[in-house]
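K.L.:
The structure is given below, and queries will be raised subsequently.
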Amino acid sequence: MATIEFIEAREILDSRGNPTVEVEMILDDGTQARAAVPSGASTGQFEAVELRDGDKKRYSGKGVLKAVENVNEKIAEEVLGCDASEQRIIDQIMIELDGSDNKGKLGANAILGVSLAAAHAAADCAELPLYQYLGGPNSHVLPVPMMNILNGGAHADSDVDIQEFMIAPIGAESFKQAYEWGAAVYHSLKKVLKDKGLATGLGDEGGFAPNLPSNAAALDLILDAIKAAGFEPGKDVALALDVAASEFFEDGKYTFEGQAKTSAEMIAYYEGLIAKYPLVSIEDPLDEEDWDGWAEFTKKLGEKIQIVGDDLFVTNPKRLAKGIETKAANALLVKVNQIGSLSETIDAVELAHRNGYRCMMSHRSGETEDTTIADLAVALSTGQIKSGAPARGERIAKYNQLLRIEEELGDSAEYAGASAFPRFQA
């Protein structure tokens with residue numbers, strides 16, 4: 001395998017108009033690769049640190065020139081000459097160079113940019129698609145696209161508490177068909193909203209962001225859209241939520257729909273939703289430090305529904321290990337920039353799978369045209385991916401890459417479908 005001959009980072013803009021890091025890499029055989037780093041709006045307090053400049057004169061303090069400089073001057077000096085295929089060694093060099101427990105010195109955005117660029121370069125050098133290079137010749141499962149078609153919470157300016165209302169085309173026979181169904185429901189929802197005189201402005205992730213009286217009202221609108229598009233809710237297209245409960249948790253209480261609620265009251269609320277709606281997955285239903293609540297929720301409803309830890313686990317093997325020990329959640333949300341390196345991301349997924357936890361690959365609200373997570377979803381057999389609505393270039397870039405992968409795999413491609421969720425297990 002070729003060695004790393006050149007590395008250069010630059011500051012680019014993400015889908016929210018905020019700066020992020022992009023890294024170019026050239027190997028000594030001439031192979032060139034590039035990777036860009038995403039950024040979140042609702043972030044868990046235990047995530048790896050995204051290094052920002054803090055200079056209010058540039059991009060309201062959100063510039064990433066320090067992270068860029070750390071790549072070009074500090075990281076490059078250590079990894080130039082490394083074999084590009086030695087992913088774990090490259091990542092470990094950067095982690096040790098940083099020396100902190102949260103990548104706060106060099107910046108997770110600096111480290112991840114180099115980590116992902118190295119993987120792309122090594123795959124290109126080996127003349128393999130990224131998903132096959134990382135996952136091996138048996139990588140063939142296409143994930144269910146969890147499409148965020150209605151936004152609330154931190155992703156929208158509305159009265160809806162729940163951050164993401166997603167559709168999951170579980171009844172489709174292929175990713176291509178699932179993508180088509182998702183787009184059909186998305187356009188159907190736009191018509192439903194228009195017919196009711198509701199706004200059709202978009203949130204960060206391409207979903208609609210109308211001002212609605214309640215979270216149940218949002219679910220009812222989506223059910224109407226599914227039916228209007230000619231699909232059967234629960235059989236063809238199911239529902240999923242990302243509550244992002246840490247965003248409205250303070251002083252031991254959840255301020256939800258205008259009332260202060262306890263963990264037990266929130267669990268009872270979700271129990272009612274699961275009984276009424278065809279929900280297959282609920283992400284971050286409780287605060288990231290409410291371990292007892294998570295364990296109780298999982299004990300009570302874990303056989304019926306996927307309970308996903310995002311802010312709870314932050315793609316961190318150590319926090320996931322605590323979740324496994326305390327029986328909190330039954331699925332891991334996978335965000336490469338939460339942990340800040342590819343090898344640690346893979347470690348988290350492998351730990352989850354070994355312990356019977358499902359995984360959902362995920363974008364961030366601040367995205368670029370980078371498609372790495374699409375390949376990762378197939379490489380790591382996550383069976384699920386969320387990359388926003390079937391709209392906006394930075395969202396569909398990932399879904400379109402999955403179309404290409406499915407086409408390339410041909411008859412060996414398998415769509416995860418309903419089997420990806422506990423609600424449909426025998």
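Glycine too: its Cβ is placed from the backbone N, Cα and C atoms.
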K.L.:
In Swiss-Prot, the (2R)-2-phosphoglycerate site includes Lys335, Arg364, Ser365, Lys386. Which of Gln92, Gln132, Gln163 does it also list there?
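P.N.:
So, going by the record in Swiss-Prot, that would be Gln163.
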K.L.:
Since Swiss-Prot lists Glu283, Asp310 for Mg(2+), which candidate among Asp236, Asp242, Asp347 does it give for that site as well?
P.N.:
Asp242
K.L.:
List every residue in the same chain as Asp242 (Mg(2+) binding site), at least 6 positions away in sequence, whose Cβ is under 8 Å from its Cβ.
P.N.:
Asn148, Ile162, Gln163, Glu164, Met166, Glu283, Asp284, Val308, Asp310, Lys386
K.L.:
These are the binding-site residues: Gln163, Ser365. Which one scores highest on other Cβ atoms within 10 Å?
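P.N.:
Ranked by Cβ atoms within 10 Å, first place goes to Gln163.
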K.L.:
When the Cα-Cα distance from Glu205 (active site, proton donor) is computed for each of the binding-site residues Lys335, Arg364, Ser365, which gives the smallest value?
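P.N.:
Going through Lys335, Arg364, Ser365 one by one, the Cα closest to that of Glu205 (active site, proton donor) is Ser365.
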K.L.:
If you pair up every Cα among Gln163, Lys335, Arg364, Ser365, Lys386, the residues annotated as binding (2R)-2-phosphoglycerate, what's the maximum separation in angstrom, rounded to an integer?
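P.N.:
Farthest-apart Cα atoms in Gln163, Lys335, Arg364, Ser365, Lys386 are separated by 17 Å.
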K.L.:
Work out the three-state DSSP category of Asp242 (Mg(2+) binding site).
P.N.:
strand
K.L.:
Would you mind listing, in sequence order, the residues at least six apart from Lys335 ((2R)-2-phosphoglycerate binding site) in the same chain with a Cβ closer than 8 Å to its Cβ?
P.N.:
Pro38, Gly40, Asp310, Val314, Thr315, Ser362, His363, Arg364
